[in-house]
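Listed in TrEMBL for this protein:
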type     : residues : note
TRANSMEM : 43-61    : transmembrane segment
TRANSMEM : 81-102   : transmembrane segment
TRANSMEM : 122-146  : transmembrane segment
TRANSMEM : 167-191  : transmembrane segment
TRANSMEM : 211-229  : transmembrane segment
TRANSMEM : 294-317  : transmembrane segment
TRANSMEM : 329-354  : transmembrane segment
Amino acid sequence: MWKSVVTLASSCVMGLCFGAAMDLGKVTLPLVIREQFLFRRFLMLKMFLGAAASSALFLTIASKLSPKRFQHVQEIFMKPLAAKTVAAVSLGAFTLGSGMALSGSCPGMVLVQVGSGVPNSLWTLAGGMTAAALYGILQPRLIPLYCTKSKEKIEEQTVMSQINVSYARLASSLAAFLFGVIYLVEIYFPWTSSSELPSWAKPWINTLPPHLMGVIIGSLQLPAVFMVADTLGSSQAYMTLTSQPLGLSGYLQQKLVHWNGYRMGLDNWWQATYLLSAISGAFLSSTFTNTRGLAHGVPVVQAFIGGFLSIFGSRLASGCTSGHGLSGMALLVTKSVIAVPAMFAGGIFTGVVFQTLNAQGYTGFLKG
């Protein structure tokens, strides 16, 4: 009982911090996401790199403070990836990136958008929930298409298995490199410039540095490891929430074992609690800074389809922007290192295609 209270309470606090940090960094604006993939704005990149670098740094600290706990969360993250092919992970990540470019959101971000009043973000959420349910139904038939003949061992799934360097040294080097990239990007594209922020966003008044907000998000890895015994992620929560009706049918529970496996237990519900709390964090942040509802949203159809692609791609890849991008990268999981470029490739490809076909309909109207 006490463990449940601590886990869920920690998840709530983490979610509040996540929602507020995302909102204050203004990375939740669909225009910011779409123009990042067109290399016109760099708020999203700075927050992502800040969170990734911070994740690597704080997970390194966790590995030193409690090697056994660190190994445990490593195994939890890598277990669903062990039997998946690189092709499946890459295709899923590419699909996720395409969904991000279309919806101007991602699995974790959409809950923050709901809290901060981004128009049509509920449609993005609906698309994601639909995708989670469909994936849960189709998963038994998809297994033969994406599973390897033999599962990789945990120790074989990391970059460390390819080179003779310790995790702590490699992860801390990654963190230093990413912080260096942030510094260079900030020199050429200052976050306070008018080309980065919408006219209503005021630096240090209702908007804070995205890279700093990213560092705060990455720091949540510590409570995730020590209070929840897991690492940051988002898309699993969609499976937990959509699987609840299975409790009404024993037959469906037996037929849809994979989906039903997300229905109960702290291991599943902490992430759902974390994301649902992010709605409140974003609501409080945007309300106190008087920015709630100021962002422009994408059209309903694009929001729904983008949300659908994001979640279906995430489940196919066994990870999302938080899972692969923050936790997997920081844990130096080989398939995550492959998945992240695939996400960006999907976003860039989709963004360029839509911008070429209809610039006004893709990014132009969002600047109004």
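Glycine is no exception: its Cβ is also placed from the backbone N, Cα and C atoms.
Sequence-remote contacts of a segment are chain residues at least 6 beyond its ends whose Cβ falls under 8 Å from one of its Cβ atoms, and for the transmembrane segment (43-61) they are 22, 25-27, 32-33, 36, 70, 167-168, 171-172, 174-176, 178-179, 181-182, 185-186, 191, 196-197, 209-219, 221-222, 225, 231-232, 321, 325-327, 329-331. Recorded stretches compared: 81-102, 167-191, 211-229, 294-317; the one with the most Cβ pairs under 8 Å to the transmembrane segment (122-146) is 294-317. Contact between the transmembrane segment (167-191) and the transmembrane segment (329-354) holds: at least three of their C-beta pairs are under 8 Å, each pair 6 or more apart in sequence.
Put simply, of 211-229, 294-317, 329-354, the stretch with the most CB pairs closer than 8 A to the transmembrane segment (81-102) is 329-354.
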